[in-house]
Structure formats: C-alpha cells, structure tokens
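**Q** Before I ask anything, here is the structure I am working with.
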Amino acid sequence: MDLKKLWEKALASIELQISKPNFLTWFRNSRLVEKNDGTGVVVIGVNNNFSKEWIQSKYNKIILEALQEIDGGINRIEYVVVGSGVGSEAIPPSIQKHSFSLPSQQKEIGGLAADPETNLHPRYSFKSFVVGSSNELAYAASVAISKDVGKKYNPFFVYGGTGLGKTHLIQATGNEIVKNYHGRIRVKYVPSEKFVNDVVWAIRSKRMDDVKNKYRTIDVLIIDDIQFIGGKERSEEEFFHTFNILYQNNKQIIISSDRPPSAIPTLEERLRSRFEGGMIADITYPDYEMKLAIIKNKIQEKGVELPDNVCHLIASKIQRNVREIEGIINKLHFYQEFKGAVIDTKAAEEIINSTLQQNVVAINPGQIIKVVGQFFEITQNEIINKSRRREVVLPRQITMFLLRDMLGMSYPDIGDKMGKRDHTTAIHSYEKILREVTKDKSLNQKIAIIKEMVYKNSPY
Ligand code: ADP
Ligand code: MG
C-alpha cells in the first residue's frame, strides 16, 4: 500500500474518534512522508511546530493505533514540520535542502523579500527605527556591535514584550553589519523555531553534520525569540555547542527573547549564565512622544497622509504595542483611499477604538478558559464548577494561573470568574503552578502550548 492510501485509511479511523473541528484543525494538512519497514517507524509531516507539539502530545496514541490496525509492523511515529501549501505535499524533509527560509508570512513584507542568504529583510533598518528612552540602550549596543562585530557586546541579548521592536532592531543590526563590512562577513538571521526545526530534521535524517557546519561557519548569528528553544533538549544542546564554538572564535551572537534569561524557566543553567555574561538590554513601552514619532515615521514610510490630529489620536489611544500602530495606520489609509477624502477625527476615532477593542477582546478570560478546556478536552463548566476530580483540578489551576499571568487579573476577580471561589484559592493555584512550572518540563510545555493557542486566536 502506498503512503497516501495508508494515511487515508488511518485518517478515516482517526476521524471517527475525535471531534470534527479538532480533526479538521489538526489533520487537514497532515501527511505521511516516510515509512521505514525495517524499523517500523513512520514519519508524519505537519504544518508547523505548533501543530507538531499539539498532535504529538494529544493524538499520538490514537494515530499509532489507527496505523497499527492497518499495518501491524508499525511501532513508532515521528513528527516533522514540512510546512503546508501546494507543492510541498509529501516531500520528505530529509530530501529537502536545509534551507533557512522564514515562515511565509515573514518572507514578504511590503512587496520586498528577505535576502535568501542572510534571511534579513531590507525593510528593517536603523534609519526606520525610532529611538527613545524605552529602547535607547538596546539601540546603542546594536549600533556599537554593527561597527565592531564580535568584540564588545557579545553575546548581545535583547528582550521585551511582543510588538516592541525586537525583531526590527536585530534585523536592522544584521543589515547594518552587511553594509559596514561590505558583505565580507556572513550574517544569518534565524527565528529560533527554525533552528529547532533544522535540528529535528538533522537528527532524523542523520545529517547533523550539515547543520553543524552550516551554523558554525557563520560570523554573526542572530537568533530571534530564543524562549522557544527552552525545554527542547536536543535543540538546546545543539544551540549550546554552536554558541560555544562561535563564541570561542569571537563570532558575534545576537539573541532576542520576550523575557530576560532568568525568566526562561526551561533554559539550561549553563546557557543562561552564558547569556548573562554578555550584554543584556531591554525594550520597554514607548512613551507618548515616541509613539508619535513612530507614527510619523510609519506614515512617511508608507507614503500615507494622515492629519496631525489623527496622529495624536493614535498615539494617545495606543497602549499595548507598537505593532498596533501599523494595523491602525493601514486601516485609516484604506478608509481614506476608499472614500477618496481625508479622514475626520470622529471617523478616525471610531476606527481606532474598534481596532483596539477587537485586540483587547481577543484575549479575555473567556478565551483562556476556552483554550484550556480544548487542550484538556474538558468542558468550560468542568473547569469552573466545584468538582474535585483529578482530571479537572490541574486544568482549573492552570486557568487561574494564566488569568493572572497573561491578563494580570486580581485574585478576587479570578476567584469571581472561576465560579465565585475565594481569592485565597486563586492565590494558591497561581503560586502552585508558578512553583511547579520551573521543575516540571512537561507542565511548562503544556502551558507554553496553551499560551500560543490563546495568542494564535488573537491578532497578535
Ligand atoms: P517584536 O519582535 O518585539 O515583537 P517587531 O520588531 O516585530 O516587534 O515590531 C513590530 C512592528 O513595530 C514592526 O513593524 C516594527 O517595524 C515596528 N516598530 C517597533 N518598534 C519600533 C521603533 N522603535 N521604530 C519604528 N518601528 C518600530
Ligand atoms: Mg519578533
């Protein structure tokens, strides 16, 4: 039986065992990419890392049983990320080149594409980066690095909340280095997710040496969102070795993260202390003046004309992150094009409010409760009601933890939301999970997946 047939049959049986939405979400683009009759290992290709982790942790057993029913020789499943979309169907990753390409949404921004060699996108430059008190240290370090690579701030670790300009800054640094050194040194920008994928493929296809060589011959390695490597042992190990070799050879390493090294619980101690031995800078929320400067900068870049009072309005309304600015400018621009006239304050205010409202609504308590329920396959009622069944106690505590962690809700509010519980229960749950998450890798992983899922449903 060919792989396609085998997988179709297995899917038919899996479909009967799980809910329709789950089936469509997780299996629609899956495929069987390899089957080794000697070892009994089959390789299933999925869309992205997120699906991979989810499917692996939740459906491995069902899938294995379904496959075994058809072919008793199968005894283990491996999962790989092969991407989605036409053309990529059933291409075993082992025969795909170890490309360093970016996820598709990052590949093309504003009609320009990232450089295939460096992965750097030309739109990110120092020139288009607005500097203010919230990012001046990170910026100054970046400029110094771009002039004198590998000497001063090494490794350079920059962290800050989502949408505050980390990717912009580290990519701009890479672009500046290429320019300053006239392309004589090799720069590579890699989202950490991509690094993990490469390592996983390499292990599977026994081509670790290729990957080792590829990364270790770089002069400047820029890794974005390192927090995603935390807890993935082989990748972390490999990253650590790569890191050491580059570091010993005075190569520059630039890393971004959404939190400081000390707050990535699964990061191995030795890696953490390496980061802490270099330069660490944070990026915080911009103040009003800076927001205004960014807005002016963006509209100029996009060739959009917006009245001054509308720019002020955006600056005063935006609270959360800089990325929101772009979305709003795009909407206002669209409105003006559509109407063929300059937008007035009232219409602008409506558009801004509705955009921001959507964003706030995107992560609310209900959303978190819903996702936790989906993850553990229990109902929202079961999370909230008073049952002490073991299967619901942990999800309930995780929910309370996330309400605090992601939304910063007060303990009494959390208690209230969770079926009128006492606030001490909320405190207890939060502290318990906080403690355990540093010790229990699998719990940490679960929480990371749940958070990603919550974020995934939000536009940010
Ligand atoms: P992060 O990687 O921290 O999540 P990004 O670098 O992707 O954030 O920034 C989100 C958006 O905001 C990008 O379009 C970026 O160009 C813009 N941005 C953020 N900070 C600044 C800044 N200081 N100056 C200009 N644009 C900025
Ligand atoms: Mg980023």
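Backbone N, Cα and C define each Cβ position, glycine as well.
TrEMBL does not curate its annotations; it predicts them automatically.
Relevant sequence annotations retrieved from TrEMBL are reproduced here:
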- G163, G165, K166, T167: ATP binding site (BINDING)
- 152-276: domain 'AAA+ ATPase' (DOMAIN)
- 364-433: domain 'Chromosomal replication initiator DnaA C-terminal' (DOMAIN)
- 1-90: region 'Domain I, interacts with DnaA modulators' (REGION)
- 337-460: region 'Domain IV, binds dsDNA' (REGION)
**Q** An 8 Å radius from the center of the G163, G165, K166, T167 Cβ atoms defines the neighbourhood of the ATP site; name the other residues of that chain inside it, in order.
**A** G160, T162, L164, H168, L169, S256, I283, V322, R323
**Q** Of all the binding-site residues given, G163, G165, K166, T167, which has the fewest Cβ neighbours within 10 Å once its own Cβ is left out?
**A** G163
**Q** What are the DSSP helix, strand and coil residue counts for the region 'Domain IV, binds dsDNA' (337-460)?
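**A** Taking each residue of the region 'Domain IV, binds dsDNA' (337-460) in turn, the totals are 97 helix, 0 strand, 27 coil.
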**Q** Go through the binding-site residues G163, G165, K166, T167 and pull out the ones with a Cβ less than 6 angstroms from some atom of ligand 2.
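**A** Listed by sequence, the hits are K166, T167.
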**Q** Would you mind splitting the domain 'AAA+ ATPase' (152-276) into helix, strand and coil residue counts from DSSP?
**A** 67 helix, 21 strand, 37 coil
